[in-house]
Amino acid sequence: MDKIRLTRRFTFEAAHALAHYDGACRHVHGHSYKLEVTVLGQPLQEEQHPKNGMVLDFGDLKKLVTTHVLEKFDHALVLLQDSAPALIEVLQHQGHKLLLTPWQPTCEHMLLYIKEQLLPHLPQNVSLHSLKLWETENAYGEWHAADNL
Amino acid sequence: MDKIRLTRRFTFEAAHALAHYDGACRHVHGHSYKLEVTVLGQPLQEEQHPKNGMVLDFGDLKKLVTTHVLEKFDHALVLLQDSAPALIEVLQHQGHKLLLTPWQPTCEHMLLYIKEQLLPHLPQNVSLHSLKLWETENAYGEWHAADNL
Amino acid sequence: MDKIRLTRRFTFEAAHALAHYDGACRHVHGHSYKLEVTVLGQPLQEEQHPKNGMVLDFGDLKKLVTTHVLEKFDHALVLLQDSAPALIEVLQHQGHKLLLTPWQPTCEHMLLYIKEQLLPHLPQNVSLHSLKLWETENAYGEWHAADNL
């Protein structure tokens with residue numbers, strides 16, 4: 001049975017700032033991020049099984065990404081920890097949702113973090129093929145397993 | 001001469017139902033499927049030839065996919081044969097367009113079927129690189145030759 | 001550190017004609033071309049550096065493609081040199097922007113030309129992964145380094 005790639009697309013609204021950046025992205029700003037998560041596997045061949053013919057139920061992929069990725073990022077402000085202590089303190093005091101990271105929150109680093117969040121939770125019969133993250137409609141990054149064997 | 005991938009995108013309207021599925025997809029429902037067919041080859045280098053500089057004429061790729069794929073699926077109901085004999089009999093009696101398959105009509109299995117329909121009809125100078133099939137705007141599957149060497 | 005692919009998407013308006021073609025594309029006509037340029041590399045890990053966490057600044061990728069590709073193609077008419085001397089003479093006389101090429105201006109050949117324009121100008125820490133060029137919303141070509149090792 002041939003292998004098939006399955007992809008589910010998501011949107012989340014997040015803010016970030018790039019510490020030490022030499023341009024407008026130094027300021028706190030936000031994006032309507034689009035995220036595509038692609039898994040690879042063989043469709044199940046069990047005639048009476050509810051998931052017959054599926055690599056993974058699109059609904060299960062959605063739940064997995066919602067729990068392990070979207071709930072962390074959606075409507076959050078992602079900041080390099082220690083980059084702006086006064087700002088972070090005020091926002092925390094006001095109850096804003098923050099994701100403080102040991103890495104600069106570029107599109108590239110967010111992809112690597114998302115990969116780490118998802119890998120331990122994928123079912124055994126699929127592998128993580130790739131991730132695609134749009135910062136804007138015209139700019140996106142991708143992590144591919146095949147680039148990192 | 002470098003190899004180039006060429007892709008044509010299509011839409012078709014089809015219904016399906018997933019027998020034994022444990023959710024809403026058990027019911028007859030439809031999608032505006034999007035399909036991308038990608039071939040790989042070298043652009044022709046013959047100065048006076050009408051197809052000079054082309055891997056394949058986009059128009060020829062369109063005709064090929066229309067004849068061998070879209071005409072089967074467009075405005076059809078795709079059902080696992082034997083899954084609902086009474087329903088199938090009534091629909092056939094009323095002249096509906098049915099595609100009865102020995103496989104569960106998931107996105108995954110439709111991709112494998114589309115691959116089988118296209119492979120015998122591609123010109124010799126190109127190979128089928130991949131197929132991409134959207135069930136919805138946010139959920140799609142892909143078959144890639146490179147995943148199945 | 002994992003490798004990441006970065007893509008920037010562009011639009012340009014250009015006209016072309018395909019000499020000797022056996023269809024409507026023989027006539028001068030235009031497209032709103034979309035172009036995606038994808039580079040591959042490792043995100044920079046230097047905490048105080050303005051580009052920390054980036055493979056390449058999306059803004060730098062934009063400048064590079066604008067200078068070396070868009071400025072040649074945007075609002076230009078691309079014609080096979082010697083294909084229509086009388087037409088070319090009149091258009092030149094009237095000050096139109098022409099790109100006269102030794103190759104038939106198909107989507108395939110434009111990709112190869114764009115590759116040649118970009119390769120000498122990419123920073124050393126990234127490689128050109130792929131190019132994707134849409135002639136219309138439903139028809140596009142791609143050049144991939146991996147297809148041409």
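Even glycines carry a Cβ here, placed using N, Cα and C.
Please treat TrEMBL annotations as automatic predictions, because they have not gone through curation.
The Zn(2+) site in TrEMBL is built from A:HIS29, A:HIS31 plus one of A:HIS16, A:HIS49, namely A:HIS16. In the three-state DSSP assignment, the secondary structure recorded for A:GLU135 (active site, charge relay system) is strand.
Each of the recorded positions A:HIS16, A:HIS31, A:HIS75 was scored by how many other Cβ atoms lie within 10 Å of its Cβ, and the smallest score goes to A:HIS75. The active-site residues shown are A:CYS25, A:HIS75, A:GLU135; of these, the one with its CA atom nearest the CA of A:HIS31 (Zn(2+) binding site) is A:GLU135.
For A:GLU135 (active site, charge relay system), other Cβ atoms within 10 Å of its Cβ number 19.
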